[in-house]
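Presented below is the structure to which this report refers.
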Amino acid sequence: MKSVKLSLLNCHFWSCFLDFGCSLLSTPYVFVPALAGYPLGLLTYFGVGTAEQTYIMLSIFVLVVTVSIIGLFENRFYILTVDSRRWRQKRKFLFFLNHMAALMCFLLSYLKVPDQKIAFEFMQQFVSCIPPYADKNKIFIYTIYLRYVLIPGCVCFILFFAQILAFPILTNRILKEQLHKNMSDNTVALPIIILAFPVCYLGLAAQLWYHNQALNNFSFIIISSHGFFSTISMIFLHLAYRDFTWSLFCHRMGSSYKLDVPTAQHIRPSIIT
């Protein structure tokens, strides 16, 4: 358990930031497919610009959460892999590449924010049913050139989710060879279902210029609930977390758990060094 504490803490930290960002700090009200909207959260009252909030939500919250999930799976693979020395150098580069991709993905669209008057006239051609309760004076159009968002977003999507699929497959192969066990498919499916489906819908709606505000709001509800569902799933899917949580409610001390199965090697520290 000690070998995965830091990666778990990192994943939970960014998951909490994603939840707080969508529900409290920024609280975006978005008009997809125009990639427009305005924030209703606390950052607005502290003078943080809408463009900056959009970049933070897209890059730091959403993408870095995905990178932290990759780190969780990669950490599991690194602990079990036999050829650790060779992979130790590669994982440094992968760690750097993933974080740079997350921070640079939407940088071009942030630097190319259009003139808002022209962009609003362009948006009205496609999103004519703006609700009467929406404040048109606050609407901010992040971009009218979808290629600035969709192309980098698709590249990062392929890069990140290929790793989310690859590391569990490789880990599962090692578990079969060394421990004769399989990793739960639910562990792999959770981040894909919670993050991939809403992001895919929003990207497809932007590409097809399809507007459905109910689906837009529902997508952001799913994204903002990522940390909640991740925590609940971890408790129900993993015996150690489930028993410890149950012991807290029963006012008992949590028990320590040990993997009592034969292994081909000692568990090594998982910190990137």
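Here the Cβ of each residue, glycine as well, is placed from N, Cα and C on the backbone.
Annotation comment: TrEMBL describes 12-35 (among others) as transmembrane segment.
For 55-73 (among others), the entry in TrEMBL reads transmembrane segment. For the transmembrane segment (55-73), the residues of the chain that approach it from at least six positions outside its boundaries are 4, 7-8, 10-11, 13-15, 17-18, 21-22, 26, 28, 95, 98-99, 101-103, 105-107, 110, 156, 160-161, 163-164, 167-168, 171, 191, 195, 199, 223, 226, judged by C-beta separation under 8 angstroms.
Feature annotation from TrEMBL assigns transmembrane segment to 93-111 (among others).
Per TrEMBL, the feature transmembrane segment maps to 145-167 (among others).
The feature transmembrane segment is assigned by TrEMBL to 188-206 (among others).
Feature annotation from TrEMBL assigns transmembrane segment to 218-241 (among others).
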Report task. For the transmembrane segment (12-35), find every same-chain residue at least 6 residues outside the stretch whose CB is under 8 Å from a CB in it, and list them. Result -> 41-44, 53-54, 56-57, 60-62, 64-65, 68, 123, 126-127, 130, 134, 139, 141-144, 146, 149, 202, 205-211, 213, 216, 220, 223-228, 230-231
